[in-house]
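Since the structure comes first, as structure tokens, the remarks are kept for the end.
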């Protein structure tokens with residue numbers, strides 16, 4: 001398997017269209033989507049930002065802060081250009097916190113993405129000429145549920161796409177859009193779940209991070225909790241984000257305690273735990289599966305950010321992370337020449353390689369994304385502006401940026417997602433609006 005290869009789903013998994021499903025009880029409503037290719041038909045009110053509670057006060061940067069690492073990454077003209085071709089609005093009018101394209105589809109399959117917000121999960125299909133078609137909508141039985149995050153995978157037996165969703169109630173739900181059912185759910189976290197991620201090479205390994213200060217690794221094939229990361233040296237406050245590296249050997253997590261922590265899952269102990277989770281069969285034993293409790297991260301730092309760290313992603317062996325300080329920081333544990341796999345837990349050095357600067361993004365829970373090939377980086381701010389950086393540059397100082405704005409998009413953009421072929425960028429906002437930007441070739 002080449003470095004950036006993800007197993008794809010065979011054909012024959014087209015999703016049934018335009019159905020509204022209940023996640024567990026009866027509820028009748030149809031999403032009234034004011035989507036139209038005609039700009040003037042789009043109703044978007046830009047208003048106050050609905051922040052997730054307890055937003056930290058954003059303290060101005062301390063003097064001399066900008067001389068970090070090798071200084072600012074000056075933005076030159078980006079080679080990518082996008083055009084806004086459509087927007088629509090979900091009828092619940094609550095913030096949409098998450099959006100994800102399904103990257104497990106085959107070439108030629110329709111481009112499907114999911115949005116989450118309020119107690120709603122909605123699936124859409126992108127068509128030519130900017131059309132966004134509603135496929136399915138799911139409503140949680142609890143009106144107080146608020147979904148924050150979603151992640152796609154596929155069933156390794158049937159090849160059906162699967163969507164995991166979670167939020168304020170701390171329950172992970174797995175939805176099969178082919179059968180249009182919530183096929184399983186996991187309860188374990190003691191509080192809200194802020195992010196879900198599937199392992200890049202094993203479609204059954206699901207990582208969840210929570211307000212309960214811990215990360216959990218689940219095997220959704222055998223319904224086992226493989227490990228809990230947290231405790232003695234774990235996060236001291238909500239975990240807000242985490243990411244697997246490309247090979248799925250390491251996890252980097254971050255949270256409200258301003259820290260970033262590295263957890264290796266290719267250790268003997270963890271490899272064994274994952275193997276045992278596959279071997280476990282509750283029908284053949286009375287004993288419950290024993291989950292690993294990982295109290296000590298393999299590296300930890302609080303030297304990158306001075307506020308809540310709400311998004312982290314691997315870029316090769318480097319880390320991209322952001323706080324509510326108007327910059328995404330590119331850094332690595334240890335010194336420049338150190339091998340990431342030889343970093344010791346006692347390592348106190350970090351090397352900051354540069355920053356992607358932007359403005360008006362000082363509320364928390366605003367997440368950036370990259371395209372499949374990690375050639376582009378996208379982030380929205382709290383006044384509806386999108387920043388796209390070209391990562392394909394020799395020198396990161398020369399990272400080129402393009403900003404995308406539309407006069408009717410004025411609400412906070414919570415998350416963005418690129419289609420697998422990078423042709424479409426979707427942004428979701430606090431006013432329940434969805435914006436489609438198509439890349440101009």
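Each Cβ is built from the backbone N, Cα and C atoms, and glycine gets one as well.
For reference, Swiss-Prot has these:
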- 1-72: region 'Disordered' (REGION)
- 2: N-acetylserine (MOD_RES)
- 55: phosphothreonine (MOD_RES)
- 66: N6,N6,N6-trimethyllysine (MOD_RES)
- 66: N6,N6-dimethyllysine (MOD_RES)
- 81-441: region 'Interaction with EZH2' (REGION)
- 142-185: repeat 'WD 2' (REPEAT)
- 197: N6,N6,N6-trimethyllysine (MOD_RES)
- 197: N6,N6-dimethyllysine (MOD_RES)
- 268: N6,N6,N6-trimethyllysine (MOD_RES)
- 268: N6,N6-dimethyllysine (MOD_RES)
- 284: N6,N6,N6-trimethyllysine (MOD_RES)
- 284: N6,N6-dimethyllysine (MOD_RES)
- 304-341: repeat 'WD 5' (REPEAT)
- 359-399: repeat 'WD 6' (REPEAT)
- 408-441: repeat 'WD 7' (REPEAT)
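Under DSSP, residue 284 (N6,N6,N6-trimethyllysine) is assigned to coil, being neither helix nor strand in the three-state scheme. When the neighbouring Cβ atoms lying within 10 Å are counted for each of the modified residues (197, 268, 284), the highest count belongs to 197. Helix, strand and coil counts from DSSP across the repeat 'WD 7' (408-441) read 0 helix, 20 strand, 14 coil. Each residue contributes its Cα atom, and for residue 197 (N6,N6,N6-trimethyllysine) and residue 284 (N6,N6,N6-trimethyllysine) these two points are 30 Å apart. Residue 268 (N6,N6,N6-trimethyllysine) sits 26 Å from residue 284 (N6,N6,N6-trimethyllysine), taking the Cα positions as reference.
In terms of DSSP secondary structure, the repeat 'WD 5' (304-341) contains 2 helix, 20 strand, 16 coil. Under DSSP, the residues of the repeat 'WD 2' (142-185) split into helix, strand and coil as follows: 0 helix, 26 strand, 18 coil. Counting residues of the repeat 'WD 6' (359-399) by DSSP class, helix then strand then coil, yields 3 helix, 12 strand, 26 coil. Residue 268 (N6,N6,N6-trimethyllysine) falls within a helical segment according to DSSP.
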